[in-house]
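Chemist: Once you've had a glance at the structure underneath, I'll fire off some questions.
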Amino acid sequence: RSLSQLDVNGSRVLVRVDFNVPIEQGIEAIAGYDQRLRATLPTIQYLIERGCRTILCSHLGRPRAKVDEALRLGPVGDRLAVLLDHPVKSLPEITGPSVEAAIAVLLENLRFDAGEEANDPGFAQSLAALTDYFVMDAFAVAHRAHASTVGVTEYLPSAMGFLVEREVTSMGRALESPEKPLAALMGGAKVSDKILLLDNIMDKLDHLFIGGGMCVTFLKAQGHGVGASQVEEDRLEFAREMLGEAEKRGIKVHLPSEVVVASEFAADPAEVQVSSADGVPEGGIIMDIAPSAAQQFASELQQCRTVIWNGPMGVFEMPRFSEGTRVVAEAIAGAPGVTSVVGGGSTAETVEALGLMDSMTHVSTGGGASLEFLGGIELPGIAALPDAD
């Protein structure tokens, strides 16, 4: 059920959002990565326009069920007020009389209370007592069965907010009825993170592009030497099976023909060179796909009609090894007629850092949640919501 199907006019509404954003440097750092805040604005503005008393709740960091002054949500509320152009009062409590009397507020960090992650019925009831309706608009924690994602739905009429609806619709379409050819662009550090996703989409896939740390394990599985690059030894057999399955299904696998190799895993190593992917020097560490490989990937991706992307092509946080990711990202963003579905977490951060957020069809707000959704796993925070009337 969607928020638009609830008669919330003038009601009290509890909205679970995910404002788990960087706050180490204050509001300036939040402004640098506020995708999750901006993505919730349509839901919040919808409620404000209907005269609702809106109570937002979120977690921040890992306070381990105790108050951590560095993880208070006040600075996040300040940034939200700027984005909304509307006052937002951040409260130092999660429940209680001051919360019950408030209008348009952001509650304190939910994970200061042990009842949140334990999905404690008492804590869920105390949240539910504040309002008349519950709206789940925190896709990034929809894979967690917590009091504020699952527990409260037992006590309140509930629906998904516009952010969650957009996530489910966009990623669901890419899984169920993608425009072909369909490509999966996989990167990041680990093969193990992508196993469920790959298993779930193999029967629809036309192209599989592999970069980042993932390509090291696949190159090793093909028998290539990878120098001192980190290999997931326990995933080599999976990589071999995946390559064999792709060949049987007629899926074209794209691995980098050349890679950028460094003498050490560092932002400014003593030596950097471009190497053939089947000739990485002993002691060398693969840090990025080479410019030639990035251009090959870009050209092929632009011929596809749907691209599911999860994971950067190199060590993007080190500027010297971000070029492969930039070239590929710009190719996807600028390709006419290409539906681009981008996973959350580090991939979303990469897209935001490149200024390409608005050029992608859909950028997920959830890292682990998007991987599980694309991997075909039911998300508790969505499963707990009732079906449409």
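Here the Cβ of each residue, glycine as well, is placed from N, Cα and C on the backbone.
In case it helps, TrEMBL gives these features for our protein:
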type: BINDING; residues: D18, F19, N20, H59, L60, G61, R62; note: substrate binding site
type: BINDING; residues: R36, R111, R144; note: (2R)-3-phosphoglycerate binding site
type: BINDING; residues: K194, E317; note: ATP binding site
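Describe the structural context of these features.
Modeler: Non-local contacts of G61 (substrate binding site) by the CB criterion (under 8 A, 6+ apart in sequence, same chain) comprise N20, D68, A70, L71, N109, R111.
The 10 Å shell around the Cβ of K194 (ATP binding site) contains 24 further Cβ atoms across the protein chains shown.
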Chemist: Rank aside, I only need the closest one: which of the binding-site residues R36, R144, K194 has its C-alpha nearest to that of D18 (substrate binding site)?
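Modeler: In terms of Cα distance, D18 (substrate binding site) lies closest to R36.
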Chemist: Roughly how many Å lie between the Cα atoms of K194 (ATP binding site) and R36 ((2R)-3-phosphoglycerate binding site), rounded to a whole value?
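Modeler: K194 (ATP binding site) to R36 ((2R)-3-phosphoglycerate binding site), Cα-Cα distance: 23 Å.
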Chemist: Let me make sure I understand the structure: which of the binding-site residues listed (R36, H59, R62, R144) has the fewest other Cβ atoms within 10 A of its Cβ?
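Modeler: Among the binding-site residues R36, H59, R62, R144, the sparsest Cβ neighbourhood within 10 Å belongs to R62.
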Chemist: In Å, rounded, how far does the Cα of R62 (substrate binding site) sit from the Cα of R144 ((2R)-3-phosphoglycerate binding site)?
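Modeler: Cα-Cα distance, R62 (substrate binding site) to R144 ((2R)-3-phosphoglycerate binding site): 14 Å.
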Chemist: Compute the C-alpha separation of H59 (substrate binding site) from E317 (ATP binding site), stating it in Å without decimals.
Modeler: 25
